[in-house]
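Participant: Taken from Swiss-Prot, the feature [4Fe-4S] cluster binding site covers Cys43, Cys44, Cys108, Cys139, and the record attributes it to sequence analysis. The annotation region 'Disordered' is assigned in Swiss-Prot to 217-239. Sequence annotations record features per position, and here Swiss-Prot assigns compositional bias 'Basic and acidic residues' to 225-239.
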Amino acid sequence: MNSIEFPLLDRTTPNSVISTTLNDLSNWSRLSSLWPLLYGTSCCFIEFASLIGSRFDFDRYGLVPRSSPRQADLILTAGTVTMKMAPSLVRLYEQMPEPKYVIAMGACTITGGMFSTDSYSTVRGVDKLIPVDVYLPGCPPKPEAVIDAITKLRKKLSREISEDRMGSQRENRCFTTNHKFYVRRSTHTGNYDQGLLYQSPPTAEIPSETEPFFKYKSSVSSRELGNESGKEDVSIQNK
């Protein structure tokens, strides 16, 4: 029986038999074992300092920060994501095992924030790179708001159906060098598909704007150039 879906369950009744399904048992076991990968790029990430402290103590939710994406099933993105950092974020997400979840924390992560107004190098929303499960607005969000987002994610976990999760594998977005994003199935290798990478056209196919100029120069003979210079000398002497 799921403790989040049925919070009024009396656990003190002796000699009781609780019947459940394998799906609910799997969801219940994952509720208190979320291992986050903290991906912070700017000021919103400083709120984790107070969140880890004794006042809020997010360890009581079973959150154990991991430094390796292969050991994490939750990634919290905080701060501005630039085009230069986008491939690293996608690669970290690809290396996380299924099932995996994303919490977008802060206005800069969700929409690009004030840096995306006239910036050509800022990603306007991390959901253009990876699928987001919970959006957490704020500049920056308070630690209480982060705990509320984790609670909402736990409620989402408790309602998941294993058949749906296994039947429809979560599709991932692949970043290419020409800033185009494709929906691809997960490869878990961290390497880019060479078929999606931008291939520069051959030099012979590039139209040259200076080609008529060189054709004109090649058609002018050295004798004509000598005659032109002689005319210029005569005109200067006459003056």
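Start at 1 and count along the chain as shown; that gives each residue its number.
Using the three backbone atoms N, Cα and C, a Cβ is placed for every residue, glycine included.
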Participant: By Cβ count within 10 Å, point out the most packed of the binding-site residues listed: Cys43, Cys139.
Facilitator: Cys43
Participant: Hey, for the [4Fe-4S] cluster site built from Cys43, Cys44, Cys108, Cys139, who else sits with CB inside 8 A of the CB center?
Facilitator: Ser42, Ala78, Gly79, Thr80, Gly106, Ala107, Thr109, Gly113, Gly138, Pro140
Participant: When a 10 Å sphere is centred on the Cβ of Cys44 ([4Fe-4S] cluster binding site), how many other Cβ atoms does it contain?
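Facilitator: For Cys44 ([4Fe-4S] cluster binding site), the 10 Å Cβ neighbour count is 25.
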Participant: Work out the three-state DSSP category of Cys139 ([4Fe-4S] cluster binding site).
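Facilitator: In three-state terms, Cys139 ([4Fe-4S] cluster binding site) counts as coil.
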Participant: Let me know how many other Cβ atoms fall within 10 Å of the Cβ of Cys108 ([4Fe-4S] cluster binding site).
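Facilitator: Looking across every protein chain shown, the total is 27.
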